[in-house]
Amino acid sequence: AFTAQFTCKPTFQMLLPPTQSLQGAGGWSPLDSDHYQWLQVDLGSRKQVTAIATQGRYSSSDWTTRYRLLYSDTGRNWKPYHQDGNIWAFAGNSNTESVVRHDLQHAIVAQYLRIVPLDWSGEGRIGLRIEIYGCPYWADVINFDGQGVISYRFKMKKMKILKDVIALKFKTSESEGVILHGEGQQGDYITLELKKAKLVLQINLGRFTSKTSLRCLPTRVGSLLDDHHWHSVVIERYRRNVNFTLDRHTQHFRTNGEFDHLDLDYELSFGGMPYSGKPSTGNRKNFKGCMEGINYNGDNITDLARRKKLDTSSFRNLSFSCVESHTSPVFFNATSFLELPGRSDHEVASVSFQFRTWNPSGLLLFSPLADGTLEVGLSEGKVSVHINVTQKKNTRIDISSGSGLHDGQWHDVRFLAKENFAMLTIDGDEASAVRTNTPIQIKTGDSYYFGGTLRLFHLQSPIQRSFQGCMQLIHVDDQLADLHAVEQGKLGSFENVSLDMCAIIDRCMPNHCEHGGRCTQTWDSFSCTCDGTGYSGATCHTSIYEQSCEAYKHLGKTSDTYWIDPDGSGPLGPFRVNCNMTEDMVWTTVMNNLPPQTSVTGSSRERRTVLQLNYSASMDQVSAITSSAEHCEQHVAYSCRMSRLLNTPEGTPYTWWIGKGSEKHFYWGGSGPGIQKCACGIERNCTDPKYYCNCDADQKQWREDSGLLVYKEHLPVNQVAVGDTNRPGSEAKLTVGPLRCQGDRNYWNAASFNTPSSYLHFSTFQGETSADISFYFKTSAPYGVFLENLGNTDFIRLELKSPTVVSFSFDVGNGPVELAVRSLAPLNDDQWHRVSAERNVKEAVLQLDQQYREVRPAPSQGHTRLELYSQLYVGGQKGFLGCIRSLKMNGVTLDLEERAKVTPGVKPGCSGHCTSYGMYCRNGGKCIEKYNGYSCDCTSTAYDGTFCTKDVGGFFEAGTLVKYNFMPENTAAVASKDTKGLSRNVAPEGNLTREDLAFSFSTSSAPSILVYISSRTQDYMAVVLRHNGTLQIRYNLGGLQEPFTIDVDQRNLANGQPHTVNITRVDRNIQLQVETGQIDPVLIEKYNTPGFVGCLSRVQFNGIAPLKAALRSRIAAPVSVQGKLVESNCGASPLTIPPMSAATDPWHLDSGRSERVIPDGVNRNSAIIGGVIAVVIFTILCTLVFLIRYMFRHKGTYHTNEAKGVESADNADAAIIGHDPNFSETIDESKKEWFI
């Protein structure tokens, strides 16, 4: 090892002799170039090292291409330099002359350094010249022996402390111990202690009341802190806010309770809890180890103790130098073992050691016995022992003990075997030691293999052949192994073992599992369990819920209760809200716990009754809704009897409410900020015009002031303070409704990029270890850059690389990485597409339209921090043509619209939402374009609701009739005189060559008329239920005395079940002249009894929804109702009858589109019969075509087959009734009418 005198100034200095330093004519090159070589540097005393530079050996082919850096205070118990959560491997040289310098990400303090070459020149050997840079370091050190405690007495007996700053460093080999403690008589206390090698901080600012949390929850940080290396701790408290920092990792939290001061009595103790006789001290151990640089609110505790200004009487021998540990750990990887000699042919096998690991399985010990084998291993977190003895007969002993021993903690294993006896003890617990008295004779071998074994030994058990972890205090035959002799080659042997070092890493600390995800680990990696968190992904980073009700609507969801997560991957958790999707708006409702009409009595101005409202979401979550909403409102109502509300605008208000930000407000529902009036005061209609609230009149009768609070920056209402209900006879009742917000500006926040050179710029994206980006885009361009952010070498970029490919590329220092997803359809279709990208320490993910996805695992070693410096460019400096909206980065929505207002070439907003979302308007609903989204116009459909999917139907009693006139009376009068005028004035709903009829029904009575459509001629169409409940369709298009009938279904449809009917007729060759025709009311009334009784819904004829028009008073339509009609959707159902096949459809030759229904239970014979009938009908059809064309050329030509009907009918309309004499439905004389 080389030793050099350290002469550091505030600037960097060389630390090695000239021959070994950079540019020196020499260098270090060991005789053997293998992985057991190292160069050790003694800096003379502890120094702060900040950088290291390397160069190859002078004038040679020897250099080091990769190396590790170890450091130590004593030259023993080495610690590897860590960076980005891994043991760091520094990049070295590629030749002998170039200098490669690395500034350490975090400075280290040590006296000894070791450079361990990992790879070297392929042309030569290991070669190295180095320079180390840093500054002097000094700190007061105190050694704590586990008994002594330093007491820092306050200047006053009691201290009320608002702000605390505590800083110290410690190192220890113990996993338990109190580092500092202070307490007060009011229940205040602060305790910092080690528990299971983790640091635990508890702060209580006073006794808890029923209004506060039940107990103080400890905050835990760190892990493996019993490694006897220095760890830095800083505690910063201001009021209830605390920053808790361990080794540069800070955790923020807020203490429980309602108080801000820490009230401590007399003293603060370091190193343990002073004996006070109180049971609260418990059995906590005092700290055993070293501390340095102890600082409490500006006082240097270690310096005060050195100058004997503090009470140190509890120490037997106070030492200001650190007593080092005498243990020498051994580090094993997957291919290593340590072989130690033992006494051979001995009848007692005695082995003990301590181990720590994260792996549940591994070989701890293997020893070839004189006549068998001994194995000690870890299996599923338990220590198992297997002994095989091959004497006269095979004898096997299997015992196991312990559980969960792969938790990273040190665990003690003791095994003893002798004649007819074996015992396994874990962690010194003799009570739970496992013993066996199986008859056996032990003859030991001459070697013991720890952590692995030679390949020539064949293991008989399923134990894993290797062990990853650390061991220490290894005893063989009750003798402590001399590992320094092993290192020097004087004792035993080893392979791929690191002596005097334990390089275990807690990959769950700091915890990369976000949002409460549970971290589990093995030696090489960690994984996150996200169950129940509301998040997904490798680190539980991505929310599984949409950001708002608006987003759910645009996934086609209807009104319901949903989980939303407004900030996505941000700190706010998901919560449930009620989403009400109306035709043109989306309302988000958050409920509170105040019952309606809550009675308030006994309050006065001096002692107001304060009603606290708790919501189904936290205030931060509610604020996320209100800040992004376009409009919010909350209904409040104050019912009063001799209870004044606000009094007058000039007077002091009796009642006020507190909203967001804990600000008092003196206005009431229906009014606005700063007015101090109620709704009646604004509208000037109060009970007493002298006052501005009804309740302020102070009358004995019940009055009420109610209205909406709509100033969303003040909402929601958190408290209401009522101050005038203590007089005799005075009483008030308070109602505060739920918070209702409409819209989501973040979801529709968009910008249009109109030129290739246009872009928006924002501040640098901060996503060092975890970054997610999501947005929607639409474009007609084949390529473009969505966004990019650059650093020195790091960058992040999302772009459209081709019409079907979206790529996500980045570099965190390990070289560029690119993920790409390919769509089957072009993406430049001017429709909205969703892109989401995520990068974390585990993986990178790119997803397109929730359908295409690529995942790329992160490298196990290397850089993990994304360091960006330039501005974030949206639209990219390389250009993008199109729209981007709802751009969210790490849970924060970027305000594209606001920035676009002041940026040339970019416009706020983006049109054309119906091209992407119009498909959600069902059943013929029309998509209406809006600035922020779209809505569905259901006017011309038989449906209602947000997406035109809500059935509109009614229940018909006997005698109930709905009549819809296609033409108003005045038009009919003119039309009757002039046919040309009639053609011009026909309603747009009238289509002479096509009928589209659809409806659902359910009934238990037959016969009945379901639908009857008549015209001014004798043409008509009707859908009827016959006596046996079968469905029949009757057409009369004129020209024949007989109506055309179709028996649609042979089943009894009057069975009380819902059925759906769809009928379409198209004949482009027919022209019907509309003439006035007569209906015989006497004949209809004679056979139309009792009429239809049941339910009808979804009724639509061409572009008319008559039943909907009758049930919706807001729709102006020529519709009338006879009898009682009650709205109900009991007739609604999915399609229960399959469409009519083309082979049996008599209208198929004309249109090919009409549907006839075949019963579900048709068997094969029925199908054959139906085929024969179809052939006969087809033959008749062909004959009639020529006859009808010849006879009725003036009426046009139609291709159909008229079935035989009732020849004796007086007219065409009466024919439908005459065939089934029990039909009854009163049908008035009509021009052209529709009856239901």
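Yeah, the Cβs are placed from backbone N, Cα and C, and that goes for glycine too.
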Candidates CYS883, CYS936, CYS938, CYS948 - disulfide partner of CYS910 as recorded in TrEMBL:
CYS883
Stretch contact, the domain 'F5/8 type C' (1-135) with the domain 'EGF-like' (911-949), Cβ-Cβ under 8 Å, 3+ pairs:
no
As a quick check of your reading of DSSP, tell me how many residues in the domain 'Fibrinogen C-terminal' (540-592) are helical, how many are strand and how many are coil.
5 helix, 21 strand, 27 coil
Is it possible to get the count of other C-beta atoms within 10 angstroms of the C-beta of CYS883 (disulfide bond)?
22
Taking only same-chain residues 6+ apart in sequence, whose CB is under 8 Å from that of CYS910 (disulfide bond), what do you get?
ALA750, ALA751, SER752, LYS778, CYS883, ARG885
Looking only at the domain 'F5/8 type C' (1-135), what are its DSSP counts of helix, strand and coil residues?
0 helix, 67 strand, 68 coil
By DSSP, what is the split of the domain 'EGF-like' (911-949) into helix, strand and coil residues?
7 helix, 12 strand, 20 coil
